[in-house]
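Participant: Dropping the structure in here first, questions after.
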Amino acid sequence: MDQTNTPGAVARLKEYAGPHRKEYVLSVLLAILGVACSMIPYFAVSQMIWGLIEGGSDFNWYLGWCAVAAAGFLGKAVFHNLSTSLSHKATFAVISEVRRRIAQKLTRVPMGYVLDTPSGKFKNSMVEKVDSIEPTLAHVLPEMTSNLLVPLAIVGYLFVLDWRMALISLITLPIGAVCYMGMMKDYEKRFGEYVGVGRHMNATAVEYINGIEVIKAFGQSATSYKKFADAVHKNATYGLDWMRDVQLYFSMGIGIWPAVLIGVLPLGCVFYMNGSLSGADFITIMILALGIMAPLLSAMYYTDDLAKIKVIIGEIGDILDEPEQVRPTVLARLDGTDIALRGVTFGYGETEILHGVDLAIPAGSVTALVGPSGSGKSTIAKLIASFWDVKDGTLSIGGVDVRNIPAPQLMDKIAYVAQDNFLFDQSILENIRLGRPAASDEEVREAAKAAGCHDFIMGLADGYDTVAGGAGGHLSGGERQRITIARAMLKNAPTVILDEATAYTDPENESVIQEAVAKLVAGKTLIVIAHRLSTITDSDQIALIEKGRVAALGTHDQLLESSPLYQELWRAHINAKDAA
């Protein structure tokens, strides 16, 4: 999506605010009344000054005008507060709706898109970017509207008093407009670039923090810090350069635009002295003229916010416009749980990863996917788990293309156990219950026992009520792995996809996890991404993946006889074990 596509951004903003149109309209009307009240003191002061010049007015007359001025200030405060209260109430509802849409969108897009996108981008969009909408919706709509309408009303009144003085009061407007246009030249483009630089800085900061353990272990502190420092410097430099480019326009505009008395005072004196302008009108015009440019300057600042929000809405739109995985809602009639890939082609962007993959996985069988790094074995497993849809060919379960199976029904058929499983910052009980939200506490505990994690959970301070910590950071890697296996056991899906659970596990946990995995996959279809060939020698079939194709298919013994590549992988595995 083009982030500078103004019509699209404005239309989307209207869509977000549409359900709260009445609140915003009322807020604008109240804001107009508030700014109108702010003009009352100017008029009251002009009347009192003229009274002093003419003389003959008593104290009560002046006191009355003081009361009028005070009422104007009070009215401004009351109407302004009512206006902003309404607009903020509506805006926070809009912000909640936008966040809800983003969260729901992430459940409907391919899982691969979510995994391939830096988490910082989603966090930035859902928190910082959405929050930045608030000033525009809550303040710009009511206050900018009123700050534009009230000066028009003042100028209209000045035309009634004296058309010459009305035109003279606007003498600085063209100069200010030129300065403003110079300041706003290429604004959306430059702000979009500034956002990009800031996003790069955020991503670098997240990378630096997440990788601090590796950075220290390999003595890369200086190099990694320089990368982060360079990103911070680039962000600051871009902002400073941009500020320098517009500073002259900004200074001239802010200095010249409000100076309306440059023309009003001398020419008004001329008209007064030649008798073509009354003293009362002259004083009233001078006072009111001072109130023209201040609201326009405020409106100018708000247009800056509008230009920014177009880019921000565009960024949010990038997520909301991401193509979804379209699935039917009517349950599919599956003939068993056999899995079949026929002529499957898939790629990331323009890069094709899989080329015409054919693979049949019978129900209840054990199929291992092996191959060199980058061969495509993990991609095949994730396609089966519906992380993405195939580009060409078909992937079916029970004889039905997965694209014709409702997402909830498909997810009930598959459990995916990765090496690095995420645990939410909530109790261990609830983390396991994610496998089947309707499960009772007792069923959760039974799954934990089967996965070999009941004992260590009961050894924790709060047992099953212990908070796992963000991503399970309060637990060891083996403990997190066992909890995710318990989650998969509770789900009890007929097909289990396993990214070899013990590949990077310490010896203390390995036997426990292997026993848990054996219970998990008993009587089920197992698809395992093998990193250590010795763990899959008893598989019903081994699919050797090479350069995005199934290069060979058979049992361990069959592949040792027929496949040179498998022989090479096996020798490398044996040599690695001997070296260890």
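Note that Cβ sites are derived from N, Cα and C of the backbone, with glycine treated the same way.
According to TrEMBL, the record shows the following:
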TRANSMEM  24-53  transmembrane segment
DOMAIN    25-308  domain 'ABC transmembrane type-1'
TRANSMEM  59-79  transmembrane segment
TRANSMEM  136-159  transmembrane segment
TRANSMEM  165-183  transmembrane segment
TRANSMEM  248-273  transmembrane segment
TRANSMEM  279-302  transmembrane segment
DOMAIN    339-572  domain 'ABC transporter'
Participant: Quick check: do the transmembrane segment (24-53) and the transmembrane segment (165-183) share at least 3 Cβ pairs under 8 Å, counting only pairs 6+ apart in sequence?
Facilitator: no
Participant: Using a Cβ cut-off under 8 Å, which residues of the same chain at least 6 positions beyond either end of the transmembrane segment (248-273) come close to it?
Facilitator: 162, 164-165, 168-173, 175-176, 179-180, 182-183, 279, 282, 285-286, 289-290, 292-294, 296-297, 300
Participant: What residues elsewhere in the chain lie close to the transmembrane segment (279-302), defined as a C-beta under 8 angstroms and at least 6 residues from its ends?
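Facilitator: Sequence-distant neighbours of the transmembrane segment (279-302): 35, 38-39, 42-43, 45-47, 49-50, 53-54, 136, 139-140, 143-144, 146-148, 150-151, 154-155, 157-158, 161-162, 165, 169-170, 172-173, 176, 180, 253-254, 257-258, 260-261, 264-265, 268-269, 271-272.
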Participant: Grab the pLDDT values for the domain 'ABC transporter' (339-572) and give me their mean, rounded.
Facilitator: 86
Participant: Tell me, please, if the transmembrane segment (136-159) and the transmembrane segment (59-79) are in contact, taking contact as 3+ Cβ pairs under 8 Å between residues separated by 6 or more positions?
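Facilitator: Contact criterion not met.
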Participant: Can you name the far-off residues of the same chain, 6+ from the ends of the transmembrane segment (59-79), with a Cβ under 8 Å from a Cβ of it?
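Facilitator: Same-chain contacts beyond the ends: 30-31, 33-35, 37-41, 43-45, 47-48, 51.
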